[in-house]
Amino acid sequence: MELLQRVEFCIAGKVQGVSFRKYTQRQALSLGVAGWVKNELDGTVCGVLEGPAEQVEQMQQWLKTTGSPNCRIAQATFHTVDITRMSCIDFIIKK
């Protein structure tokens, strides 16, 4: 059975007003990762990733090092847990 992971993440820096959520959604869908992303009042972008461990880890790397073209990532925090089934079926942008 494939190892599934759920990761709660929060990205700080210049990550709002630079299409970070849209690029995050596009990257997650291309990797087959489910979950969601949203802007927070404190200027961060936070969300959840769910999927096969390898793809979730690739998505974490992308969030830490790439993001959207005009962003500046100052800090990326992650909390990872192994799961037996996914609770998300798509990757959405929450308002």
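In case you wondered, yes, glycine gets a Cβ from its N, Cα and C as well.
Copied from TrEMBL, the annotated features are:
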- Arg21: active site (ACT_SITE)
- Asn39: active site (ACT_SITE)
- 6-95: domain 'Acylphosphatase-like' (DOMAIN)
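Secondary structure from DSSP puts Arg21 (active site) in a helix. When the alpha carbons of Asn39 (active site) and Arg21 (active site) are compared, the span between them is 8 angstrom. Less than 8 angstroms from the CB of Arg21 (active site) sit Val37, Lys38, Asn39, Val45, Ile93, each of them six or more residues away in the same chain.
In three-state terms derived from DSSP, Asn39 (active site) belongs to an extended strand segment.
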